[in-house]
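TrEMBL has this to say about the protein:
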type	residues	note
COMPBIAS	10-20	compositional bias 'Low complexity'
DOMAIN	531-655	domain 'STAS'
REGION	1-20	region 'Disordered'
TRANSMEM	180-199	transmembrane segment
TRANSMEM	205-227	transmembrane segment
TRANSMEM	234-255	transmembrane segment
TRANSMEM	261-278	transmembrane segment
TRANSMEM	290-311	transmembrane segment
TRANSMEM	382-401	transmembrane segment
TRANSMEM	422-439	transmembrane segment
TRANSMEM	445-468	transmembrane segment
TRANSMEM	475-503	transmembrane segment
Amino acid sequence: MEPTATIMDSNAMNNSNNSSSHNFPHHQFLEVSSMEVHKVVPPPPRSTAHKLKNRLKETFFSDDPFHQFKGQSPKRKWILGAQYFFPILQWCPNYTFKFFKSDIVAGLTIASLAIPQGISYAKLANLPPIVGLYSSFVPPLIYAVLGSSRDLAVGPVSIASLILGSMLREKVSPAKEPLLFLQLAFTSTFFAGLFQASLGILRLGFIIDFLSKATLIGFMAGAAIIVSLQQLKALLGIVNFTKQMGVIAVLSSVFQHTDEWSWQTILMGFCFLVFLLLARHVSMKNPKLFWVSAGAPLLSVILSTLAVFVFKAQNHGVSIIGKLEQGLNPPSWNMLHFGGGHLGLVLKTGLVTGIISLTEGIAVGRTFAALKDYQVDGNKEMMAIGFMNIVGSCTSCYITTGAFSRSAVNHNAGAKTAMSNIVMSVTVMVTLLFLMPLFRYTPNVVLGAIIVTAVIGLIDIPAAYLIWKIDKFDFVVCVCAFLGVIFISVQDGLAIAVGISLFKILMQVTRPKTMVLGNIPGTDIYRNLHHYKDAKSVPGILILSIEAPINFANSTYLNERITRWIQEFETQDGVGKHSDLQHLVLDLSAVSSIDTSGVGLLRDLKNKLEKRDLELVLVNPVGEVMEKLQQANKADNFLSVDSLYLTVGEAVSSLSSKMKMPISSQV
C-alpha cells in the first residue's frame with residue numbers, strides 16, 4: 001500500500017492553492033496529519049466444521065449453558081446437571097425458615113386471588129368452573145420443580161382462556177357437546193405444552209421473538225376489550241348472548257336483548273365492579289397495600305355469595321355458578337382426543353394458545369427478574385411451562401402460564417422462591433377437598449366483574465403513546481393488532497400484526513440503508529452528510545456506507561442504489577459539479593455477513609466502475625466478509641491489495657495522495 005499524503009507547510013499550501021484554484025474554485029484545503037495505513041488482514045483460517053460448530057453454538061446455545069461444567073469433577077457435573085433441569089434442587093438445599101415465612105404469606109395471598117380468577121377464567125374459556133381450580137392446583141407444583149423464576153405465579157390467564165374458548169367454539173358448541181368440548185380443550189392444552197417444551201428442548205425460543213412489543217401491546221389491549229365486552233352477558237344478566245367475538249356483534253347482541261337485562265344483576269355487578277376497581281387503584285398508588293387488590297376478588301366472592309344466599313337472589317334473575325364437584329383433579333389422559341376430524345382444530349388451537357401463553361409467561365418472569373437482579377433462563381421456562389401443560393392436560397387442567405396480576409401480587413407480597421406456588425397449590429387443594437359447597441351460590445356477575453378488573457390492566461396507553469413517539473411503523477403494527485382483534489377475531493388480529501411485523505423485517509433486509517459520508521473538518525472522522533451539517537464531501541471521492549448484510553435478497557437493490565448515488569454525486573448542484581469523481585469508497589463496517597450474491601455484486605460493481613475509469617475501494621470488511629472476499633479473490637483476482645483499507649480516513653488520505661491533490665472538502 002502506498003503511504004498517505006505528507007503534511008504540507010503553509011507556503012506549499014498557498015502555492016498549491018494558487019495553482020489549483022481555477023480547477024477547484026469552490027473548495028478549501030484541509031491540513032491532514034500524516035497517517036500510517038494499516039494493512040487489512042484476513043481472519044485466521046478455520047475449518048468448515050469449526051465454522052459450523054460456532055454458528056450452531058451462537059444460534060442454539062448463545063447463553064453457553066455448558067460453561068458451568070468446565071473444570072468440574074464428574075460428581076459435581078452430575079449435581080450441576082440435575083440442578084439445571086430441576087432448579088428446585090438449586091434453591092432448596094439453602095432454603096431457610098425466614099424464606100418460608102415470606103413465601104407462605106405470598107402463597108396465601110396469591111391463592112386468595114387465584115381461586116376466584118380460576119373459576120372466572122374457566123367460564124371465559126367455556127369450561128366448567130371447577131376446571132379453573134384444577135388448573136390452579138397441579139401446574140403450580142410442576143412449575144415449582146422446573147421453573148427458574150422466583151416470582152412467577154402460575155395459573156389460568158384471561159387471554160389464553162379467551163383464545164382457547166373462541167377457537168374451539170367455532171367448530172364445537174360447549175352447550176350442545178360439553179364433553180367433546182372439554183376433550184378438545186385438554187387435547188389443545190397437550191399440544192400447546194408439547195410445542196412449548198419442544199421449543200425449549202430444541203432451543204428454538206427465538207421463534208417467539210417475532211411477537212414484537214408493539215404487536216403484544218396492541219393485541220393485549222384489543223383482547224382486553226373483547227374479554228370485557230364478553231362479560232356484559234354476566235354483568236347485565238343476558239341469557240341469549242351472541243357466540244361471536246367481534247365488538248360490533250357483541251354490542252348488537254347487548255342492545256337487541258334489552259328485555260333480558262336484570263336490574264338486580266346490574267346493581268350487584270356495578271357495586272362490586274366499583275369496589276374492585278377502587279381496590280386496584282389503591283394498590284397501584286401504594287404498592288405496600290398490595291393485599292387490598294389481592295384480597296378484593298375473594299372478598300367480593302364471599303360477600304356476593306352471602307348476599308345471594310340470604311336474599312335468595314337466584315330466584316330474582318341473578319344467575320349463580322351452581323353445584324361444583326368436590327375432590328382433587330381426576331385423571332384425563334383418557335380424554336385426549338387425537339382422532340376424528342378435530343385434529344387440525346386442536347393442533348391450531350394448541351399452537352396459538354401455546355405461543356401466546358409462552359410469550360406472556362416469559363415476559364412476566366423476565367420483568368420481575370430484572371427488578372430483583374437475577375436471571376431467568378428462557379429455555380428452562382419454555383420446558384417448565386411446556387411440561388406443566390402436558391401434565392396438566394392429563395390431570396383435568398387447561399392451558400396455564402405465568403399471570404401478570406398474580407405475579408405482581410406475589411412479588412409485592414415478598415415471595416423469595418417458587419415455594420409460594422407450592423403454598424398456593426396446597427391452599428387450592430384444601431379448597432377443592434373441603435370448601436367447594438361454599439361456592440354454590442356465587443353469582444356469575446361477580447366473576448364477570450373480577451375478569452373485567454383483571455384485564456383492564458392489559459390496556460397500556462402510555463406504552464402505545466411511547467411507540468408512537470419512537471417508531472410510527474411499530475405504532476401501525478400496534479394499531480393493526482388492536483383493530484384486528486376487536487373487529488375481526490383474536491387469532492386473525494394476531495396473525496395480521498405478525499404478518500406486518502414480518503413485512504417490516506423483509507423490507508429492512510431487502511432495502512438496506514445506504515448513506516453518503518463526509519469529513520468532519522479538522523478530523524479524520526467521516527459521518528452521514530445529511531445528518532451532520534458540518535460534514536463536507538471529498539472532491540473526487542464518493543464515500544458510501546452500507547448498514548446491513550449483503551445477500552441475494554438485496555444485492556440487486558444495492559447495485560441500483562449505488563449507481564444512483566454515483567449519478568447524484570456527479571450531477572449534484574449543477575451538471576459537472578463533481579465530474580472529477582475518481583474513486584468509490586464503500587464502508588463495510590456495518591456489513592456483518594455476505595453471501596455469493598453479495599460477492600458477485602462487488603465484483604460486478606468493480607468491473608462496471610473500471611469501464612468508467614473509476615476505482616472501487618473497500619473499507620473495513622469484517623471477519624466473515626473478508627474471509628469470503630479472500631476466497632472469491634483466489635478464483636478471479638478482482639480485488640487488489642491497495643483497494644482495501646482499515647478506516648475511511650486512511651483510505652481518503654491514501655487515495656488523495658494518488659490523485660496528487662490535497663484533501664479538500666466542499667464549502
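Note: Cβ is positioned from N, Cα and C throughout, glycine not excepted.
For the transmembrane segment (382-401), the residues of the chain that approach it from at least six positions outside its boundaries are 122, 125, 127, 131, 134-139, 142-143, 146-148, 154-157, 160-161, 164, 185-190, 192-201, 205, 329-333, 336, 353-354, 357-358, 360-362, judged by C-beta separation under 8 angstroms. Averaged across the domain 'STAS' (531-655), pLDDT for the predicted model comes to 87. Broken down by DSSP into helix, strand and coil, the domain 'STAS' (531-655) contains 58 helix, 22 strand, 45 coil. Put simply, of 205-227, 445-468, 475-503, the stretch with the most CB pairs closer than 8 A to the transmembrane segment (290-311) is 445-468. Beyond its flanks by at least six residues, the transmembrane segment (475-503) meets 159, 162-163, 166-167, 210-212, 214-219, 221-223, 225-226, 245-248, 352, 356, 464, 467-468 of its own chain at Cβ-Cβ distances under 8 Å.
Tertiary neighbourhood of the transmembrane segment (234-255): same-chain residues 162, 166, 169, 225-226, 261-262, 264-266, 269-270, 273, 317-319, 444-445, 447-449, 452, 486-490, selected by CB-CB distance under 8 Å and a gap of 6+ residues from either end.
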